């Protein structure tokens, strides 16, 4: 019988259906479009074989497939995930001074429903704990509150895997989780319940419950059944937690869980420290542990470890109950030593049990009197650990992951060394050729001399040993590649190692002594090399070997390989953890580079890409100098190889270029600390977590993102809003954050898990802002386009709207609570500020309205673009830290209001900027930051002085942070960093970079105590990329003087033409009223011509700097290009109309118009004899004109996109064109044929220039690079990086020694060719 299509389909489903279902997961996996099934396949009766035989073949096959799925679902799969809490990241607190710690501590006084004040886990007297309020005159200042708990934001990666992926497995998959109740900061229970709420729920039980629970049919409706259901065994907790109490809003960890995890003091829970029993099994039969009369606790576990170690040394002394005061060395063979009381932890004195520092490294814990009977005997070692054993233990403890036996063998630890460890193979064991510890508590015990006494090991020694071994892997002595992997590509004649990532250290001359390479990609790297790329920096930092660390970080190959394998974020984290006093300048320099370029480094695909990011560092930094040496060495090797292999002629040394001048770029690191990229659209708001470790940002892309403030790594993307997210704010305790969106919803997010805990509905329009009350029970305020402010309060995530504050006549744009929580300020779109005193009890009526006569909604820069109001009219409001002054954004600047008198004290005028749309006070109250969104895209800092008479600022701004569209600004709680957001990114700035200017302002305007605010302000001088005579906007054109190769002219969007001599600005030619697009020298070098958006051509004297003539464009349109005839008798200019004007000089009369282009004429070039003119246009065409007749002699067609540049070869005979299609074409002007095409840029080309001898071409492009080509061979001699944005123009000096380039980064860079013999 022929097999029908139905049978084939059924058979295919029979083979693939169950596998696909297992892979897909969730409810969708339990259904099938092709196989009919009952409503509940798990309970559908199965057909017997005779019944199946009676069915048609196709139906029989479908029924068989369906029954296999039913059987699979009835055979449930149980996944046990043990110790979820152990995935919590270790606590790594940043060192802070006392003042900084106080400044970084937000107010948080959780108050229970009974009136008790719970200050971070301790119930205290309410009257004593409540912080005093300000009295309105600022006479009584509130003392700093206690520091908030450190929150590991989305730090538990195991839970992230559970909540985002594992929960979607098919319904027949069940889970059992074990965890300590303080996992994820005490929120593990509620997080699991929230994750599995829609998949069958969670049943919580203790270990005692598990011992007595009845087995329930998993397929029934009782027990823990249901799709994706799980059982969470929360260790050492005596009761199931009510869901309302789990969201760690009101109950601190110590109050919720009295036992605090394994080894706690609550002995009512059966089982105790279970790992104790495994340790006891490692004791020899001749020396067993004494029996216990109660469940084992931490002190028993410590005693068991000591017993095993003492027994392994070969002798046990007689039992004793006396104490010993013998001192032992904590470290041997390096790492220092310390006098420690030997065996003190073995015979502890009775003390109260304390909470462990962290889960796996508890302090010495002493038993109570009830456990005294367990201390009858204690082992006393008569021999010390050998040096080899102690070193091996130190290495195992310092290791960041299980080490392979081969790696240990290479370090000199033979296979028998592991077997000789105390407690092997229980406390230490080998699995799949890797060495493991039984439990992390063993590492905590060994590394704590107070707990392990004579058995303590120095972990620093282990870090040093591992670092030395890993350095020998990446840089073995003698340069032999004997520990790495395939080096198949390292012998390429060009020296570029294309396709290979080399791990090595650059020498001082830019050469490379690398000896280990990833020749065939990351898959071919050895285990030791992979470990080195991930952890070598961490070990060097831990052991304090700064010299080796500095040498390692000089290797661009090492950095490239680390980022290629995804370890870049960890590398940055490790460098940040280095103690600040010990960091060398070179290491600090490298860290600044990694922070500022990390997003580019993550996307880098080669070492060349990594070096390119280093070349964009300030020229005065060590990283830049090293990168420049490296790229020139690579170019020299490549050109030498090509010369030998292909006969490429080396002319001068145009493969090697050194930066001579950066006009005018900062020579050292500017104020920008790091750039955060990840959002796909406009970023509206940024907020710091109370501990200053995490940043939250919200965006037009409908997401909230959480970022590690130190490394810039995106921790999580929180999605749930159905529209733009307009505001975000952290709860004062740091455990949650709120966001408001254009969908009218306010969402609450759990910080530890990153999950949405609640969605609050009530607003009838977009929610523009959210703000938490800093003191007292959690109270959230939200303001929106419905002209109302809503207050939300409640327990945990169950917040309810308790008040609706009405009174605004326009949209509510910003909210701010006073520091003492007594007042709420709300700013409307009409610039009116409403004050609400105790708004939760004031009946919803404002107590004051702060507004000036004639106020109205400020005009936005983006009015008329069809954007929603919430996107184009951003405003801000902020209280001074003492609560006396309120700053609000307005159309006339920043207004400062006296709260006590409800009057405007002064207005900080927006000098040179558009009105501010964000404002923030520094934590010390001395500096006010404002954000602006005009073309300058700046953040302005103001030094507010309280005692200077007068009502006007004493000085204008001398600079600014060059932020990108600063819609929001926010200070770090410590006041050391400032965040600003706008565009698709946000930045961190270091205000300390302007400390000198701040000190100078303070010296000239002293401040006496007790003065009242009089309105005088001093704007702080800040760093700017265009300071000191440089351009302040994009550079569009550069041109060398034909008679003096030291003189360079540049034209910019800042409306000026500047003349430079040896890197110094000697003249600024002002007169154009709009951006200047082009500039050209007369053949005699005495005049300059420029064309502008103001539709004019201006003629300038280079001697006096005066404007000699102004010629308007005949068609009244933008002038985009100018070019002098070689004899100086005529000037050609091109415009956006597509026409070319030929003018006589000096009369300026237009003698001819050349028409033919259909789009802008963007570049012009004369033939050397002056008889022909070449023009390029945005119509993708190039035309050659006969000047005498005005006729077009040739149309050069071949480009597929705009042609921004055209250049006639100095000796004639060729024309070069550069196009946005990423190609350079060389044409024969006589035949009109394309003779060569050069390709290699990563973006569209913007400029082209010939070398004086016509042998080479220099090209600029949108990929921020300049490339130099050998025309005869078509080979790229070198690629020069350095500009931070697109390179708009390029020019080669007449003597051939220099290349100048101008960029959108506002700078001009002058490169000098290396000497012939270098």
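Quick reminder: no glycine exception, Cβ is built from N, Cα and C everywhere.
Note that this is a predicted model, so its numbers are computed, not measured.
Database features, via TrEMBL:
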type	residues	note
REGION	23-52	region 'Disordered'
COMPBIAS	23-33	compositional bias 'Low complexity'
REGION	86-119	region 'Disordered'
COMPBIAS	98-113	compositional bias 'Low complexity'
REPEAT	676-717	repeat 'WD'
REPEAT	718-759	repeat 'WD'
REPEAT	760-793	repeat 'WD'
REPEAT	805-837	repeat 'WD'
REGION	1006-1028	region 'Disordered'
REPEAT	1028-1061	repeat 'WD'
REPEAT	1069-1110	repeat 'WD'
REPEAT	1154-1195	repeat 'WD'
REPEAT	1196-1237	repeat 'WD'
REPEAT	1238-1279	repeat 'WD'
REPEAT	1280-1310	repeat 'WD'
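Residue counts for the repeat 'WD' (1154-1195) under DSSP, helix first, then strand, then coil, are 0 helix, 24 strand, 18 coil. Beyond the ends of the repeat 'WD' (1196-1237), by six or more residues, the same chain brings 1159, 1162-1169, 1172, 1174-1178, 1180-1184, 1243-1250, 1252-1254, 1257, 1259-1262, 1269, 1271, 1274, 1290 to within a C-beta distance below 8 angstroms of the stretch. Counting only same-chain residues 6+ beyond the ends of the repeat 'WD' (1154-1195), those with a CB under 8 A from a CB of the stretch are 1118, 1120-1127, 1130, 1132-1136, 1138-1140, 1142, 1201-1208, 1210-1212, 1215, 1217, 1219, 1227, 1229, 1232. Residues of the repeat 'WD' (718-759) grouped by DSSP class, helix first, strand second and coil last, total 0 helix, 23 strand, 19 coil. On the 0 to 100 pLDDT scale, the model's mean across the repeat 'WD' (1028-1061) is 91.
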